[in-house]
């Protein structure tokens with residue numbers, strides 16, 4: 001078992017060590033912080049077992065091999081534990097260590113024993129106020145003992161010792177302004193730091209505040225000290241009633257006017273400006289009809305007297321008003337007991353020529369936008385109190401839609417209104433009229449005209465052309481829509497209908513309020529069709545319009561897109577014009593020669609825009625011109641043959657000349673490169689090449705001349721052989 005021996009005077013181990021079975025319990029070792037006697041022996045430990053060999057002592061734990069390291073050590077032969085450096089209780093107030101007894105080979109000879117070291121406090125920290133300056137408020141005329149505020153301080157020393165036992169005191173007092181009060185007005189509880197009033201005489205009109213010099217000391221007031229500051233403001237109470245100055249006023253008021261200022265009254269109040277104790281509230285005690293009103297100017301505290309209801313000189317030419325005043329806050333019971341201050345105001349009414357009056361302002365008119373010119377919109381709009389002759393005029397009418405009778409004031413419609421005018425906002429058009437009496441006194445009023453929408457325009461259908469697949473399974477139909485110049489409720493929703501006897505093979509399906517889909521009800525041959533559609537709006541009564549939609553029915557590929565122009569033309573039953581044949585033949589020879597660009601069949605200056613480029617929705621591809629690699633580019637192009645004569649027998653020579661020019665043109669695509677095409681979008685004004693037709697059917701055409709054009713046209717001749 002362990003045996004412990006106390007070796008130093010500063011280390012106190014209690015009454016002694018206690019034997020528990022074969023182990024010794026070592027009481028806590030107390031070490032004074034900031035000790036200058038270092039290194040200092042604290043305690044010696046030793047095993048009371050008998051060993052034949054040497055015993056080695058080891059020590060582990062915070063302060064040894066754990067942070068903070070190197071504060072303690074043990075003599076491995078004697079078992080003496082000592083401190084190596086001064087200790088700081090404010091950082092570490094205790095340490096718990098483990099001691100071991102080992103054989104030279106490292107074998108543990110005893111169970112480890114616990115060594116607890118407690119650091120004893122010294123008064124090495126001054127107390128400190130928690131704020132650099134404390135601020136409080138106390139009401140004026142507070143009685144002695146009134147709580148004002150509390151101050152507080154802290155001390156880093158051990159709170160369980162006298163080193164942190166604090167005591168508060170006031171060591172100085174200054175009044176604001178200086179020397180306004182010289183007697184001691186405040187005390188402090190030395191234990192809690194609570195500041196309170198000690199005497200009477202806190203009058204805000206005399207003193208605005210105090211600056212107290214504070215002190216806090218530890219050791220119950222006998223130790224280390226620190227000074228602080230407390231600022232105490234004296235707050236105002238309503239101990240002064242407002243007083244009129246002067247008590248009599250004379251003012252004038254013009255008849256027939258209202259809500260305007262006729263004069264001001266003044267009061268004095270010694271309470272703090274800008275507060276409810278100072279702010280005045282004025283009252284008129286003898287105005288039963290409410291002709292006058294009085295309010296407070298917050299900046300000056302003056303009473304503003306106004307005429308609230310128009311005065312009539314002929315009815316009453318003079319008024320004597322009695323005013324009273326009080327504060328916004330209730331008067332304190334510490335205020336002098338004085339009667340409520342009053343003032344008299346003599347108001348003289350001034351006679352004047354009264355201006356004409358409109359019976360309503362604004363003058364409201366509700367009318368249809370399609371009102372007929374000359375329609376009466378409003379009458380009897382004004383009168384004159386003096387029964388003077390009146391003259392009327394339109395003072396503002398940006399669209400010149402109105403007229404007025406100069407003598408009677410009847411407002412008339414000068415022309416039909418237009419809802420789409422920029423001067424109409426939210427269906428409201430605003431004008432102004434002026435009336436003038438015989439003395440030249442005039443009045444103006446606003447005319448507010450609310451326009452009611454009428455159904456003036458039928459809906460317009462668009463687009464009026466498009467294409468669909470000939471196969472019903474592939475066709476998704478042609479989407480059509482409508483617009484209407486009218487505003488709701490005379491526009492959408494629209495109703496799309498078919499005229500049965502005009503379009504038997506077609507139907508139209510409503511999609512929503514503004515769109516519908518035009519579809520064939522059966523599989524149709526490829527070609528051009530004219531479908532009649534009727535569209536109606538939702539007006540009352542509704543307006544309808546008929547439109548003929550040009551629909552191209554085309555052969556579609558597996559993706560539902562129209563096939564190439566040549567395939568569509570050859571697959572249709574309609575006839576071919578001469579220009580269509582030229583296009584077909586040009587593309588035919590391009591496939592044979594693999595180097596001919598259809599755009600070069602004619603001189604570029606002779607090509608119409610609709611054939612020389614692609615337009616959205618036209619279905620005509622636009623060729624991209626890749627550079628040739630077999631010849632230098634950017635060389636001048638050869639001269640292409642001009643447009644052929646009307647005689648078809650010259651077409652073979654014309655095409656051969658064109659092919660030869662293309663062969664020698666470095667700016668056209670190379671021989672082994674096919675043309676590249678792009679889709680440019682919907683909405684082109686140009687039509688599809690597939691829709692180029694002659695004015696007659698195949699039966700009216702004679703294609704025997706194709707046999708005379710040579711072997712290259714034999715295939716076309718066979719296709720259009722009447723046999």
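Cβ atoms are placed via backbone N, Cα and C, with glycine included.
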- Task: From the ranges 577-612, 613-648, 649-684, pick the one that TrEMBL records as region 'Disordered'.
- Result: 613-648
- Message: Tell me which of 541-565, 566-590 corresponds to the transmembrane segment entry in TrEMBL.
- Response: 566-590
- Item | Mean per-residue pLDDT computed across the domain 'Cadherin' (359-461) | 92
- In the domain 'Cadherin' (48-129), how many residues does DSSP call helix, how many strand, and how many coil? 0 helix, 34 strand, 48 coil
- Residues in the domain 'Cadherin' (130-244) per DSSP class, helix first, strand next, coil last, are 6 helix, 51 strand, 58 coil
